[in-house]
Amino acid sequence: MATSDVATAGAGAAWCDRCGEPAGVGEHVACRAARELEPPRYCAHCRRRMKVQVLPVGWSAVCVAHGEIRG
Amino acid sequence: MPEILDQARSQVLENGVGLDEAGVLAVLNLPDEHLPAALQLAHDVRMRWCGPEVEVEGIVSLKTGGCPEDCHFCSQSGLFTSPVRSVWLDIPSLVEAAKQTAKTGATEFCIVAAVRGPDARLMKQMREGVAAIKAEVDIQVAASLGMLTQEQVDELVDMGVHRYNHNLETCKSYFPNVVTTHSWEERWETLRMVRESGMEVCCGGILGLGETVEQRAEFAAQLAELDPHEVPLNFLNPRPGTPLGDRPVVEGKDALRAIAAFRLAMPRTILRYAGGREITLGDLGTRDGLLGGINAVIVGNYLTTLGRPATDDLKLLDDLKMPVKALSATL
Ligand code: SF4
Ligand SMILES: [Zn+2]
Ligand SMILES: [Zn+2]
């Protein structure tokens, strides 16, 4: 289970966690900027849409295959 | 000084009578060089008729996503290809969210659900959740659960929900361009029942949906007619996958003009910064709005997007010497 945030299109991430497209294709500059004020929506490992709960402080996102991450 | 600001000075500042639709439109059309004067006047109106205090609120989504309605700005509609998935918050997490909110000094905690209106499951969750919060946290509970029946209104009053949010979103003439699964009048009917129940009415909307400046003025006049206790003002944050996902964001100066105009239409209402301000106004603009008619903020995160840290907003209020409204003052 992952315990830390997987950076958008960061090292080792296969998929962009904002738009769900391949992390290695394109720069995802707009996605990275948007992620400052958004939680991730796609699992960076498998591209599944995650169940995301935003709380007044922080958020959590769950992928059925790769577990929960928090930010 | 433009004539409309002279008129507003005597009518709104001195006599507390809000501008009508034509007056609001004149403010929305003011050239940039008169914007500082409009903001200053709106600030004076707020100080005179509301006072220096700022009401701080936190919000949380009890049921996210999967909504059957088609509000074109909303990432929680189940009818669009938005990446937001349906999820329910459990009661311990709800209470924890209320605690986090209370820690900021907020007096308001609003529980929101992405639904057309509540079903039995949601009402049960609300009853348990509100009771659990009231047992553990010193904060007033508000709710936003879509369109209500009279029985549901009565139940919420019975639970101790003190304020109900139901946004008209935009003016009557533009609404069918934004929502087709229910009508503006249906929303108005819920607001009427809420008002009659004795709960405080919270009703605002979103600017930047494609409405004209004239329709913005129409919206301000319709809100003024409703006379809500609170008006949350959102600026469109275009969400991927929604029909309005490619719309441009509102220009900062237009947002500030709208803040001043809405304040001059509604001198006594709680005018709250809600979603989208971080993108439309940034830090500097946020400050300008608080000195231009805004007297309430949502702190922390929103329902599906993130806000700036509550501490940043609280520091700004401190810098501006605007006290945070205390719980005792609202009870
Ligand atoms: S009713 Fe509310 S949650 Fe549902 S689509 Fe409209 S704005 Fe979104
Ligand atoms: Zn991307
Ligand atoms: Zn995964």
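Each Cβ is built from the backbone N, Cα and C atoms, and glycine gets one as well.
TrEMBL entries are annotated by machine, without manual review.
The record from TrEMBL ties B:Cys110, B:Cys202 to [2Fe-2S] cluster, and of the options B:Arg272, B:Arg277, B:Arg287 it ties B:Arg272 to that site too. What surrounds the [2Fe-2S] cluster site, by Cβ distance within 8 Å of the Cβ centroid and not counting B:Cys110, B:Cys202, B:Arg272, is the set B:Glu57, B:Ile59, B:Glu108, B:Ala142, B:Ser144, B:Arg163, B:Asn165, B:Gly204, B:Glu230, B:Pro232, B:Ile270, B:Ala274, B:Ala296, B:Ile298 from the same chain.
A distance of 18 Å separates the Cα atom of B:Cys74 ([4Fe-4S] cluster binding site) from that of B:Cys110 ([2Fe-2S] cluster binding site).
For the domain 'Radical SAM core' (B:52-277), the model's pLDDT averages out at 97.
Between the CA atoms of B:Cys202 ([2Fe-2S] cluster binding site) and B:Cys71 ([4Fe-4S] cluster binding site) there is a gap of 19 Å, rounded to the nearest whole number. The two recorded residues B:Cys67 ([4Fe-4S] cluster binding site) and B:Cys110 ([2Fe-2S] cluster binding site) have their Cα atoms spaced 18 Å from each other. Only B:Cys71 of the binding-site residues listed as B:Cys71, B:Cys110, B:Cys202, B:Arg272 bring a Cβ under 6 Å of any atom of ligand 1; the order follows the sequence.
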